[in-house]
Amino acid sequence: MAHPSQLGFQDAASPVMEELLHFHDHALMIVFLISTLVLYIIVAMVSTKLTNKYILDSQEIEIIWTVLPAVILILIALPSLRILYLMDEINDPHLTIKAMGHQWYWSYEYTDYEDLGFDSYMIPTQDLAPGQFRLLEADHRMVVPVESPIRILISAEDVLHSWAVPALGIKMDAVPGRLNQTAFITSRPGVFYGQCSEICGANHSFMPIVVEAVPLEHFESWSSLMLEDA
């Protein structure tokens, strides 16, 4: 869960998000070293009265500032490509959920069940219970079993939306007429919040996403109750 004045990412709740955090730290270290080196060179050039007679024509310097940036880009690109392939992998999902974006709410359908689906609307501020979060709570949460591979199919009924949950490392466009898919595994129980991340009209800010990860036996009890109420 994000908090005021937060400078970093939310705590990772999926293996993909953990990889993204590691990659962020890796890239940030490289950027810090480059910035330090450039700042040192600028200060050294400005503060000295000496002049290097080879500064305008030096094959060694030409080779260094050609090869070194290429090596740095490779060190950034290889981990990035690994994570991209990891995010695209969908292996034997235990559960498939279809999320549809509407103006301005989400609807969910558990396709492995015959009649398990619901609409998810934001809870108005005046109806919030103590301890609930303004603009982030939904009347129906998307409940998933913890530590289980989940495939989610994402589309939209009207305009372009985007289904995003930062703690899970997920952001996928919901495009009318097109079915996108991604997968995730929740690494711990909890409630994870997200929002529509594509401007989609007047009430774009009022499309929260709430994913609740629970133990498998709790999920089975929840799904049974939902099917009875259907």
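Cβ atoms here come from the backbone N, Cα and C positions, even for glycine.
Quick look at what Swiss-Prot annotates:
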- HIS161, CYS196, CYS200, MET207: Cu cation A1 binding site (BINDING)
- CYS196, GLU198, CYS200, HIS204: Cu cation A2 binding site (BINDING)
- GLU198: Mg(2+) binding site (BINDING)
- 1-14: topological domain 'Mitochondrial intermembrane' (TOPO_DOM)
- 46-59: topological domain 'Mitochondrial matrix' (TOPO_DOM)
- 88-230: topological domain 'Mitochondrial intermembrane' (TOPO_DOM)
- 15-45: transmembrane segment (TRANSMEM)
- 60-87: transmembrane segment (TRANSMEM)
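Sequence features annotated in Swiss-Prot and their locations in the structure.
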| residue | record | CB count, 10 Å |
| --- | --- | --- |
| HIS161 | Cu cation A1 binding site | 30 |
| CYS196 | Cu cation A1 binding site | 26 |
| GLU198 | Cu cation A2 binding site | 18 |
| CYS200 | Cu cation A1 binding site | 21 |
| HIS204 | Cu cation A2 binding site | 17 |
| MET207 | Cu cation A1 binding site | 27 |
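When pLDDT values are averaged over the topological domain 'Mitochondrial matrix' (46-59), the model yields 77.
Helix, strand and coil residue tallies for the topological domain 'Mitochondrial intermembrane' (1-14), in that order: 0 helix, 0 strand, 14 coil [DSSP]. For the topological domain 'Mitochondrial intermembrane' (1-14), same-chain residues at least 6 beyond its ends with a Cβ under 8 Å from one of its own Cβ atoms are 20-21, 24, 133, 166-170, 184-188, 190, 192-193, 213.
Mapped onto DSSP classes, the topological domain 'Mitochondrial matrix' (46-59) shows 3 helix, 0 strand, 11 coil. Here the topological domain 'Mitochondrial matrix' (46-59) has no long-range neighbours, meaning no same-chain residue at least 6 beyond its ends has a C-beta under 8 angstroms from one of its own.
Reported as a whole number, the C-alpha separation between HIS161 (Cu cation A1 binding site) and HIS204 (Cu cation A2 binding site) equals 9 Å.
Those residues of the chain, other than HIS161, CYS196, CYS200, MET207, with a C-beta within 8 angstroms of the mean position of the Cu cation A1 site C-beta atoms are GLY101, GLN103, TRP104, TRP106, SER162, ALA174, GLN195, SER197, GLU198, GLY201, HIS204. Those residues of the chain, other than CYS196, GLU198, CYS200, HIS204, with a C-beta within 8 angstroms of the mean position of the Cu cation A2 site C-beta atoms are GLY101, TRP104, VAL159, LEU160, HIS161, SER162, SER197, ILE199, GLY201, MET207. Between the CA atoms of MET207 (Cu cation A1 binding site) and GLU198 (Cu cation A2 binding site) there is a gap of 10 Å. Taken residue by residue with DSSP, CYS196 (Cu cation A1 binding site) is part of a strand. Under the DSSP three-state reduction, HIS161 (Cu cation A1 binding site) is assigned to strand.
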